[in-house]
Amino acid sequence: MPAIPPLRLGVNVDHVATLRNARGGRAPDPVRAALLAIEAGADGITAHLREDRRHIRDDDMARLKAEISKPLNFEMAATAEMLQIALATKPHAVCLVPERRTEVTTEGGLDVVGQRDALGPFIARLGDAGIRVSLFIAADPAQIEMAAKLKSPVIEIHVGAWCDAVVEGQKQKAEAEWQRIVAGAKLAQSAGLEVHAGHGLDYVTAETISALPQIVELNIGHFMMGEAMFVGLAQTIRDMRAAMDRGRKSLRGHR
Ligand code: PXP
């Protein structure tokens, strides 16, 4: 049997900044959370610098880059302003996401097909600077094929609809979304893309999705920051790592 590819845990610290910004001031500090997450076993840190700076701010991103010892995944919209900041920050990776000011969170995947003319040069500029680019997209064959055509090395599959359906007990919807993810992950890998997944994952869905050998990184934020309030961040990271390891071992026959 071929070796099981390792699965990385990227911890999104946006909501530490959300809590800080609710009061102003400096606490709680997302960089402190990032350092603690790494100490507890995170393989990387993700932060989203939104156009409206509602959580992570420019100096948070600069401090994350300067202070953490693991890869920084800089999430951003494909705008000229963000491109400039990313090129100056030089994170390990950039994940391009769609962004609307009125949304509560990133609601859907990037329309790579519709925006291919704009995204192509973005991917090239970031790649030329040595930054690994990822596109946050739905598990839609047309979007996946376009991501490969534009030579993005990585995609992150938006698994929010599946996670919501699982949590709400909508069995049929959850199964349909799951099948889309399985097929999408296989298609992406066969197109030469590295495959990540994120949005809405909790212990249950993270364990399930860890059984897909095509997926090599999960980016998780909201659920873990909520859990951290009850059991602490380090324990949450260890529990998430354990859920991922259980799922990875089972592989559930999706090879
Ligand atoms: N991946 C991407 C690209 C995201 O935009 C987000 C949300 O900011 C996440 C992962 C993490 O999602 P969640 O906070 O629901 O775990």
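Note: Cβ is positioned from N, Cα and C throughout, glycine not excepted.
Automated prediction, rather than curation, is the source of TrEMBL annotations.
Residues or ranges marked as active site, proton acceptor in TrEMBL: H48, E75. Per TrEMBL, active site, proton donor is recorded for H199. Residues or ranges marked as 3-amino-2-oxopropyl phosphate binding site by TrEMBL: N12, R23, G200, G221, H222. Taken from TrEMBL, the feature 1-deoxy-D-xylulose 5-phosphate binding site covers D14, H15, R50, H55, T105. Residues annotated as site 'Transition state stabilizer' in TrEMBL: E156.
Here the features listed in TrEMBL are painted onto the structure.
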residue	record	CB count, 10 Å
N12	3-amino-2-oxopropyl phosphate binding site	28
D14	1-deoxy-D-xylulose 5-phosphate binding site	21
H15	1-deoxy-D-xylulose 5-phosphate binding site	19
R23	3-amino-2-oxopropyl phosphate binding site	9
H48	active site, proton acceptor	23
H55	1-deoxy-D-xylulose 5-phosphate binding site	23
E156	site 'Transition state stabilizer'	29
H199	active site, proton donor	25
G200	3-amino-2-oxopropyl phosphate binding site	20
H222	3-amino-2-oxopropyl phosphate binding site	16
Among residues N12, R23, G200, G221, H222 annotated as binding 3-amino-2-oxopropyl phosphate, what is the maximum Cα-Cα distance? Answer in Å. 25
What's the CA to CA span in angstrom from G200 (3-amino-2-oxopropyl phosphate binding site) over to H48 (active site, proton acceptor)? 15
Cα-Cα distance linking H55 (1-deoxy-D-xylulose 5-phosphate binding site) and H199 (active site, proton donor), given in Å to the nearest integer: 17
Between the recorded positions D14, H15, E156, G221, H222, which lies closest to H48 (active site, proton acceptor), Cα to Cα? D14
Recorded positions D14, R50, E75: which have a Cα within 10 Å of G221 (3-amino-2-oxopropyl phosphate binding site)? D14
Residues among the binding-site residues H15, R23, R50, H55 that border ligand 1 - Cβ under 6 angstroms, in sequence order: none
Work through the binding-site residues one by one (D14, H15, R23, H55, H222) and name whichever has its CA nearest to the CA of E75 (active site, proton acceptor). D14
When the Cα of H15 (1-deoxy-D-xylulose 5-phosphate binding site) is compared with the Cα of each of the recorded positions R23, E156, H222, which one is closest? H222
